[in-house]
Amino acid sequence: DVVETQEHYKSRWRSIWIMYLTMFLSSVGFSIVIMSVWPYLQKIDPTADASFLGWIIASYSIGQMVASPLFGLWSNYRPRREPLVVSTTISVAANCLYAYVHLPHSHNKYYMLTARALVGFGAGNVAVVRSYIAGATSLTERTSAMANTSACQAVGFILGPVFQTCFTLIGEEGITWKLIDLQLNMYTAPVLFGALLGVINIILIFAIFREHRVDDMGRQCKSINSEGEESGVLDQDAEGNVDHVAVVAINFLFFVILFVFAVFETIATPLTMDMYSWTRKEAVFYNGIILSVVGIESVIVFMVVKMLSKKTGERAILHGGLLIVLVGFFILLPWGKRLPNIQWQEIKNNSIPRTTSTEMLMPFWSLEALQLPSNHTVEPVGCPITQSWCLNTPMIYLGQYISSDILIGLGYPVCNVMSYTLYSKILGPKPQGVYMGWLTASGSGARILGPVFVSQIYTHLGPRWAFSLICGVVVVSLLLLEIVYKRLIAFSVRYGRMQE
């Protein structure tokens, strides 16, 4: 047995910290524009509707779903620095493309779609990150390391909008660098900041990251990913088959967790613009503030949940997290009697017929708005009449929305951390690159279907249908967790090599 030296230990953990940073930056690349995609899309291409918004947000996950298994497979046979650098470079280039989607004279929405898909393709490196951490940690270190990785990813998703909020101070017009046709405003500054972070990440991967592998006892092993002809043999603890029922169950649960959070992020801006008559800038700014508070809440949750899991176990905490998410979406259901304000522009232009329903709604319309001159430049606000449900669905009060944000911000990080931790333990010491690729792909699939689902259901049927269906999906996942509860145990526990 090769005993791990102090220098090897330090180098191993420096590399793991670089992987934490890579995971964080990957998720920031997704969420840093999530609150501004919709208003920016409306600005650069008026032909785009709320349904197309779902496809733009989903395109990130389509790219990630395709790339994750490929990068995971690549990382099983070659030095992991290769897929890490290539994937990050793709993300940097795609962010730069996003900053220029306003330039073409037509089809701007498709350029935005392409840019977000390429950012997602680059984010397929999360499978590489998790497979590296699984192989570079002992069994006693792995729970904490995988939890930290999930924490970095979740914090990235939540803190991305915080960066976006800071950039709203630049304004919609911002400044223009004519030499390179670059508009630096509240929509493009976040992606350029993301590109800068990606360049820093590449430099750190070259400077600090090294290939390391240890066995379950923490002893130094040879790695098949190292440069040269060096190869390693799996330790004896790798003997035995993975419980594929548990693997499939975790993949499904992770799909649901990412699905509901994608719905939560996607719907925030359109929902608040419809319900509270916020302008595009107000919606981006206020939602950014709300998610900033949720981000602080999540950091506290991560610190608490790592200690709590030692006493109650990951399965019980995952169960509790799903219940909290269920309550969060249940609160979002419209319960009151007051209807949302209706956008005045369609009425002003006489583009809708006067019906009994619209006459009943007249007291809720702003008299000043209806009397604006025809050459006005004020942005129309409120629930658009083209969404027929606006005429009969009660508004969701701001107190409901904020309460839901707090609960979902509590439940999501709990579920994210526990599902990845359980998954890593179930797989055990076997190479996890491809498995992690499939788990990432299932999460990406959720991010594809979530935004498309909610944009279609919300646009055509309204929040009552959208959030009722989400509650139903979470209930199904809770039932599945009950069925497979006893199978979600560590590989070593399953084969009697250690006690739970």
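Count begins at 1; order follows the chain as displayed.
Placed from the backbone N, Cα and C atoms, the Cβ positions cover glycine too.
The domain 'Major facilitator superfamily (MFS) profile' annotation in TrEMBL covers 15-489. When averaged over the domain 'Major facilitator superfamily (MFS) profile' (15-489), pLDDT in the model lands at 80.
TrEMBL lists 17-40 (among others) with the feature transmembrane segment.
The annotation transmembrane segment is assigned in TrEMBL to 52-72 (among others).
Here TrEMBL flags 84-101 (among others) as transmembrane segment. Only residues 6 or more beyond the boundaries of the transmembrane segment (84-101), in the same chain, are considered here, and those with a CB under 8 A from a CB of the stretch are 22, 25-26, 29, 33, 44, 67, 71, 108, 111-112, 114-119, 121-125, 128-129, 181-183, 188, 191-192, 194-195, 198-199, 201-202, 205-206, 209.
Annotated transmembrane segment per TrEMBL: 113-133 (among others), in sequence order.
The feature transmembrane segment is assigned by TrEMBL to 154-171 (among others).
Same-chain residues lying 6+ beyond the ends of the transmembrane segment (191-209) with a Cβ under 8 Å from its Cβ atoms: 14-15, 18-19, 21-22, 25, 28-29, 32-33, 80-81, 84-85, 88-89, 91-92, 95-96, 98-99, 163, 167, 184. The feature transmembrane segment is assigned by TrEMBL to 191-209 (among others).
Taken from TrEMBL, the feature transmembrane segment applies to 245-264 (among others).
Annotated transmembrane segment per TrEMBL: 284-305 (among others), in sequence order.
Under 8 Å from some Cβ of the transmembrane segment (317-336) lie the Cβ atoms of residues 253, 256-257, 260, 305, 308-309, 393-397, 400-401, 403-408, 410-412, 414-415, 418-419, 422, 462-464, 467-468, 470-471, 474-475, 477-478, 481, 485, all in the same chain and six or more residues away from its ends. Annotation comment: TrEMBL describes 317-336 (among others) as transmembrane segment.
The annotation transmembrane segment is assigned in TrEMBL to 401-423 (among others).
Taken from TrEMBL, the feature transmembrane segment applies to 435-459 (among others).
Annotated transmembrane segment per TrEMBL: 465-485 (among others), in sequence order.
By the Cβ criterion (under 8 Å, sequence separation of 6 or more), the transmembrane segment (435-459) is in contact with the transmembrane segment (113-133), since 3+ such pairs are found. Among the listed stretches 17-40, 113-133, 401-423, 465-485, the one sharing the most Cβ pairs under 8 Å with the transmembrane segment (52-72) is 113-133. The transmembrane segment (154-171) and the transmembrane segment (17-40) are in contact, since at least 3 Cβ pairs between them lie under 8 Å (pairs 6 or more apart in sequence). Comparison of 17-40, 113-133, 284-305, 401-423, 465-485 by number of C-beta pairs under 8 angstroms to the transmembrane segment (245-264) places 465-485 first. Using a Cβ-Cβ cut-off under 8 Å and counting only residues 6 or more beyond its ends in the same chain, the transmembrane segment (401-423) has close neighbours at 130, 143, 146-147, 149-151, 153-155, 158, 247, 250, 253-254, 257, 260-261, 264, 271-272, 275, 290-291, 293-295, 297-298, 301-302, 305-306, 309, 314-315, 317-318, 320-325, 327-329, 331-332, 435, 439, 488. The transmembrane segment (113-133) and the transmembrane segment (284-305) are not in contact, since fewer than 3 Cβ pairs between them lie under 8 Å (pairs 6 or more apart in sequence).
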